[in-house]
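Now, the feature entries from TrEMBL:
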- B:14-41: transmembrane segment (TRANSMEM)
- B:18-210: domain 'ABC transmembrane type-1' (DOMAIN)
- B:53-76: transmembrane segment (TRANSMEM)
- B:88-107: transmembrane segment (TRANSMEM)
- B:187-210: transmembrane segment (TRANSMEM)
Amino acid sequence: MSAFLAPYGDYGAEWLPLLLRAMVNTALLSVCAFALAFVFGLLLSLCQKSSFAALRYFAALYVTIVRGVPLLAVLFLLYFGLPGIGIVFDAFGAAIAGLALCFAAQVAELFRAGLKAIPAGQSEAALAAGFTPAQSFVLIILPQVARVILAPMIITFVSLLKDSSLASLITVNELVLTGRSMATEYFLPLQIYIAVGLCYFAIAWPFSVLSRRLALPATR
Amino acid sequence: MTGFSIFFSVVQGLVAGLGVTVFVTIASLALAAAFGFLLALLRQFAGIKFIDLAIDVCCEILCNVPALTHLFILYFGLASIGVKLTSITAAVLGLGLIGAAITCAIFRAGFAALPGGQAEAALAAGLTPLQTIFEILTPQAMRIALPGLGNYAVQLLKDTSVVSAIAAPEIMFFARSMVTSSFQTTMIYATAAALYLLLSLPLMQVTRFLERRYGRLKG
Amino acid sequence: MNALLSVAGLRKSYGPIEVLKGIDFDVAPGEKIALIGPSGSGKSTCLRCMNFLEKPSAGEIRLDGERIGARNGHVMSDRQLAPQRAEMGMVFQLFNLWPHLSVTENVAIAARKVRGLPAAEARELALEMLAKVHMTHRADASPLELSGGQQQRVAIARALAQKPKLMLFDEPTSALDPELVQEVLKVMEELAAEGRTMLIVTHEIAFARDIADRVLFLDGGTIVEAGPARQVITAPREARTQAFLNKIRH
């Protein structure tokens, strides 16, 4: 056991700054991608509820394709494939775009489920009280939707954070890729990848706990 | 070579990985479902605080660390201390364990959705706790859990692409190796994507059917 | 005469809240006892203590002389309680039929699993019990297809199939639509006429008056009044009993 822990003592000081910098990259990547996914998801959600059949079909097709195509394939297409037809993404950009495109579908699904969870009586009461449909939506419906989807949205973010590890396979210098280069340098893959795991855990776990606390009200 | 024959040879190359993709998906699903169910039973009914804590901790670790990291630990990490797993073994073990954490949560939610009166009526009739769990609670919880399991399976199929990173010879692995030798990058990855999509369509249909049949089951 | 069921010093607390504050009563073989009282009086809790679905905080419960729920000073586990519970048939307010089993299977499963009857015999027994509650025409239906009254009658058949010494009814008609109440009460009447020992928690005061031998009026965790059914309900001695009965009637 002490043989296993020894390298942490020997190299910990060297590893820590490398891992911290990688954590920042991972966090940055995830936050940017999630923000973009949120916007795309919102647009997708609007398409789903649109009165134009073409938009609705597009949204349904999009969601089905994203559900069936691996994120890795999307990342490879964006980073390695697109240059072949003239569009060049840098690795970070490709990663953000790929993550955003794939997670937009999940975000849209959350919006859809959230809206469905609000009983029709809510908007009926608002309209009966004299609110315009727009006012009813913004003042009555939206705040309730926000409260309902907050916890699942956080879980989606954690999912995206974990999937950001795939960006390592298109040369983005985040936690896993940093871990890989450290592993080849120090020949200690077990200790290093466990350290990488701990770094992800340190970022993801607080969010997971937060989402659980938000989903369960304090009343028993 | 005509465009179509290039496409055809790409498909041929990718299909070489089909067997492993399907195998890893099915094997991981089986491991995840079996182990996850066992964990759910223990967590839900054993009532031993130490076991409850151990299961919770393991699930947290499995769910808050990316699959890629778990796979690297199993494949590269263990190899460095003498435990050499084949890439397929590491793939099934890694995805299976992560899946067990996921299915454990799904099964637990299934049990939790059952009204307390179900177990009470069974105990009142003289059934032992074990009989109650297996004859009365599990059949119902299973049905409630099916849609969630279906969704997990659809996700799992996509996730198997990740095991290409530990050299498991599945679809994406062959795609990457073909790309280095030819220059049809876009076509190769697009075809690979289409292949995964094709495989997942029947799974999505089954899941949709399960959702309709069992999605609104009352206890 | 030896009591079939004897309850002595029954107390039940949930944390600081004492719901049962010392209950004592006996039930003779073949006797029908109705437990009435306002909500929160503890009558359901009292009934559920009989088969230890609620664990009493103090007191002794004996069925046919045998101490229920405790052995050598220790409270018994669910597994240890199973044989004792099998001697008592319980009918719940919310029926609690098992929806993944057919009607017949619901009635037969305890006979198969608890008493080890072979499948064919258990099925015969189940059909016999279903005949008693007039439900054989739906023997192979799923509980989800039945009305509330039908489900409750099946639940009664399920309890009868245990061949219990004592039948416990926890507000059997409270969850039923008004027009379905009579079919269940009629079945209970028939069972009473057979000479079964029954302990019934109910809000159906007329039913209690006509069917029960004795009535126990519970309020605030104690038995305020106990006596012959007709007397307690038409001419109660205690003011609280009278107040409760007035409220129910109007």
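Just so you know, glycine gets a Cβ as well, placed from its N, Cα and C.
Distant neighbours of the transmembrane segment (B:53-76): 39, 42-43, 85, 87, 90-91, 93-95, 97-98, 100-102, 104-105, 159, 162-163, 165-166; these residues of the same chain sit at least 6 beyond its ends, with a Cβ under 8 Å from one of its Cβ atoms. Proximity of distant same-chain residues to the transmembrane segment (B:187-210), defined by a Cβ-Cβ separation under 8 Å and at least 6 residues beyond the stretch ends, is recorded for 6-7, 10-11, 13-15, 18, 21-22, 146-147, 149-151, 153-154, 157-158, 161, 171-172, 175, 178-179. Through the fold, the transmembrane segment (B:88-107) approaches residues 20, 23-24, 27-33, 35-37, 39-41, 43-44, 55, 58-59, 62-63, 67, 70-71, 74-75, 78, 141-142, 145, 148-149, 152, 156, 159-160, 163, 166, 168 of its own chain, all at least 6 residues removed from its boundaries and within a Cβ separation under 8 Å.
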